[in-house]
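J.: Copying in the features that Swiss-Prot gives for the protein in this structure:
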type	residues	note
REGION	1-318	region 'Ribokinase'
BINDING	ASN195, LEU196, SER197, GLU198	ATP binding site
ACT_SITE	ASP264	active site
REGION	344-474	region 'Cytidylyltransferase'
Amino acid sequence: MKMTLPDFHCAEVLVVGDVMLDRYWYGPTSRISPEAPVPVVKVNTIEERPGGAANVAMNIAALGANSHLIGLTGIDDAAHALSEKLRSVKVRCDFVSVPTHPTVTKLRVLSRNQQLIRLDFEEGFDNVDAQPMFERIEQALPHIGALVLSDYAKGALSQVQEMIKLANAAKVPVLIDPKGNDFERYRGATLLTPNLSEFEAVVGHCKDDNELVEKGTRLVKGLDLQALLITRSEQGMSLLSVDQPPLHLPTQAQEVFDVTGAGDTVIGVLATAIAAGKPLNEACFLANAAAGVVVGKLGTSTVSPIELENAIRGRAETGFGVMTEFQLKQAVVDARQRGERVVMTNGCFDILHAGHVSYLENARRLGDRLIVAVNSDASTKRLKGESRPVNPLEQRMIVLSALGAVDWVVPFEEDTPQRLIADVLPDVLVKGGDYKPEEIAGSEEVWAAGGDVKVLNFEDGISTTNIIKAIKNQ
């Protein structure tokens, strides 16, 4: 089973918001200035990239979709540079020129892959007449599959409620990357994509996943949204919807060089996937994979379809990820030939939470490779009751396979994985909870083959049951 990319070429997305130009000055530094205790950078490279809403539009175009951008600029060299850069990558620019204001520009000075300083050139557009933007939006709405409102608090979205109403009237999904702590102004949007600090600035600190789900669900209902996607840095993303259980996606970033523009990539890929026909949960999975790619690059960057394809398929194509039993057995044989110690655990993993992640990380530390065997939907229903599983097998396995601690994910139909364990014969069999080792399914077979059986504790107070109760109490 593999996640597939949609046909992005059939998607058309409109981006409206605060456009800006990101300028980068690069050079070596080898001495301190005699004028002040600051490094001296000898600039040898100058680079210009579209930023803010323009970076969102770039991300959409990079996927091969039709990207249309509306924003406010000055009449200056920065506006010209911005237009030229965007048109060169097939972004359709529809700027409203404001002669009294400069184009928002951010200048970053970097040396040895480190940002030393940022200089901002800007003047807010809050009091600029919004009617020309409304007219452009109305003309575009009949032709698009999604509208992105990219808010950097520079004034282009000072009349954001009117824009939301226009999109809702046209039945076009409107996705917003919010700014500030007044989320009331985004009432009626389809989805907001705040980062964790932006979210907690509105609802208060969340001590755990349960509280995050509770407060986020309340916010979704209170603002008449359809969903909320909270980006959580090294903790991945959490999708909270009106009529669906929470979906927690672990980060896929291998190395983080620069988070500049990562939020633009998330909302750009999310909107494009939705416009191309993907359901929200799959669109979020693609956005999460794209974020993992882009933070490994320096500066505002985009993700190509090939990079995204590699991000979602790379592990499976190199012998990792979701597998059939036949594929798993061969992968285990190959691992043992490399001298690797194989660990195996199992469970329903219906709503993945921090307790699960911690448990799986601890299990992985017992060896070199970790297998997670997952109960099928029918098996989960027999064990947990008619209301379960909340998430279907395919989604549960996709989320598990994205965890860095997990190497192989395989489904099984029985109530216990005893047959599967007997076939695989892991070096270490692990189970979470208060079991005795001899009570664990497959323990006798593993011991007979010379393996170990371990019991690990779960984190107290975190459980799927508690999360479900929190949702029902809303």
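Cβ atoms are placed via backbone N, Cα and C, with glycine included.
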J.: Can you give me the Cα-Cα distance between GLU198 (ATP binding site) and the residue listed as 'active site' in Å, rounded to a whole number?
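T.: Their Cα atoms are separated by 15 Å.
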J.: Could you tell me which three-state DSSP class ASN195 (ATP binding site) falls into?
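T.: In the DSSP reduction, ASN195 (ATP binding site) maps to strand.
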J.: Which residues does SER197 (ATP binding site) neighbour through Cβ under 8 Å, counting only same-chain ones at least six apart?
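T.: The list for SER197 (ATP binding site) is empty, so the answer is none.
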J.: Can you check which residue among the recorded positions GLU198, ASP264 has the largest number of Cβ atoms within 10 Å of its own?
T.: ASP264
J.: According to DSSP, which of helix, strand or coil covers the residue listed as 'active site'?
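T.: Where the residue listed as 'active site' sits, the three-state DSSP reduction gives helix.
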J.: Just the number: how many Å between the Cα atoms of LEU196 (ATP binding site) and ASP264 (active site)?
T.: 15
J.: Between 0 and 100, where does the mean pLDDT of the region 'Cytidylyltransferase' (344-474) sit?
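T.: That stretch averages a pLDDT of 87.
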J.: At the Cα level, what's the spacing in Å between ASP264 (active site) and ASN195 (ATP binding site), rounded?
T.: 11
J.: Using a Cβ-Cβ cut-off under 8 angstroms and a sequence gap of six or more, which residues of the chain neighbour ASN195 (ATP binding site)?
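T.: Spatial neighbours, sequence-distant, of ASN195 (ATP binding site): ILE230, THR231, ARG232, SER233, GLY263.
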